[in-house]
Each structure stands twice: as C-alpha cells, then as structure tokens.
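Everything below concerns the one structure shown next.
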Amino acid sequence: MKKAVVLLSGGMDSATTLAIARQSGFACYALSIDYGQRHVAELAAAARIGQSLQVSDHQFLKLDLAVLASSVLTDISATVPLHGTSTGIPVTYVPARNTIMLALALAWAEVLGSHDIFIGVTAVDYSGYPDCRRDYIDAFEKMANLATKAGREGMVLTVHAPLIDLPKREIIQCGMELGIDYGLTVSCYQADEAGYACGQCDACHIRRAGFEAADIPDPTCYRNKQIS
C-alpha cells in the first residue's frame, strides 16, 4: 500500500482531507504541529480524528512559531477580531506556517519513502491567506521535486490539495459521505481547552455557514448556548 503524509490540524478541512487520502487507498501517516497556537484544543481534536480514521502513525511535533512568526493565533495577549472586521490578509495569518508545515511533511515523506503529501487548504470560502492558493501549492510541489534526494532520483512527489476548489458546503457533504464525525473537530481560533467555540471569529462563521448551506446540523459545541 502506498504511504502518504497527511497534515492534520484537528479542523474540518484536514479531517476531510485525511478521509479522502484514506479512501484513495493510502496508508496515512498523520502529522500535527503544536506551533504555539492559542487554540491548542485542535491538537486534542487531531488525536481523536487520527484514532477515528485509523492512521498508520501519528506524529505530534512542537515548534513554537510565536518567537519568529507573530500572529494573533500565537499571541494570547492579542485580540482575535470578530467576523467581518478585518480587511486584506487577516491578522490570524501566521507567517510561513503552511510552508514550514509542508517542509516538515516533506522531510517525513522522504524518510518513509512516500511520494504523496496531503494538505487541507481551500481557496474558496477562506479568510484571505496567501498560502491557501493553488499557485502556492504548485510552487511548493515544484520546489520539493527540485530540493530532495527523491526528486533528483526521478521519484516525483505530489502535494495533494483535494479541497482547494471546494466551498465549505461541498467539503462538509464530502466528509459526511466518508463517515467523518465533525463533532470531533475544532475550527475556532479561540476555542477553550475543552474545545468549545466562541461562535464569533471568522473560522466559526465560515464553519457555521458551511453547515447551513449543506443543510446539515452543526455539531459544534459553542460556549454561548444561544449560537447554533
């Protein structure tokens, strides 16, 4: 069975991506990164998802990006903006995060003898991140094949981003068909330790709107019980 490294954050998109990789016949090796994010509950979610989808191995790496990559997601003293209050690239952008994570996935893939990496980025219904676009994924894939021993030896590495052109509604529908329990996932930028969501940030808004568009009950646990 072919091996694939799957970046697994603990959110909806990465969980769906893992399920797609598994459905595609890959033995999945999940990689989750503790980069100093304030919503650390997503790492517990990643562990639950990995167990639920029976990954072959699941590695958790600690890499404190707060030292070099300042963002409201890594600075607990900063305020996460409410949905609709940011313009341009949002303050929740973590500099070079996806590049760093893909590089780590690439290193593990080489060790495993894997030629496939999966990442759950999407360019539709997203919050304006520059590293969630198809041209970025294509550029990283080109670099990976230029900069690795496997690439130099003619073993082409592919970076799969199966959700990149899908709106959240279709992502949710796809995941439901694959049997994902989205109640295991955490999307909120300021989820508490128990995984309860704020219901007010961009991530919460996009998630909730996706379930509404898919006409599927939202399994998210919100701190404010009036949000549903």
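Note that the numbers count up from 1, one per residue, in the order the chain is shown.
The backbone N, Cα and C atoms fix where each Cβ goes, glycine too.
Quick caveat, the model's predicted, so the values are computed rather than measured.
Taken from Swiss-Prot, the feature ATP binding site applies to Leu8, Ser9, Gly10, Gly11, Met12, Asp13, Ser14, Ala15, Thr16, Thr17, Leu18. The Cβ of Ser14 (ATP binding site) has Val6, Leu7, Leu8, Ala46, Ile49, Ile119, Gly120 as same-chain neighbours under 8 Å, each 6 or more residues away in sequence.
For Cys204 (Zn(2+) binding site), the count of additional Cβ atoms within 10 Å of its Cβ stands at 23 [all protein chains shown]. Per Swiss-Prot, Zn(2+) binding site is recorded for Cys188, Cys198, Cys201, Cys204.
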Minimum Cα separation from Cys204 (Zn(2+) binding site), reported as the residue among binding-site residues Gly10, Met12, Thr16, Leu18 that achieves it: Met12
Rounded Cα separation (Å) that holds between Cys198 (Zn(2+) binding site) and Gly10 (ATP binding site): 17
Nearest-integer angstrom distance between the alpha carbons (Cα) of Cys201 (Zn(2+) binding site) and Gly10 (ATP binding site): 17
Alpha-carbon spacing, Thr16 (ATP binding site) to Cys188 (Zn(2+) binding site), which is rounded to whole Å: 17
Shell list (ATP; ref centroid = CB of Leu8, Ser9, Gly10, Gly11, Met12, Asp13, Ser14, Ala15, Thr16, Thr17, Leu18; cutoff 8 A): Ala46, Ile49, Gly120, Thr185
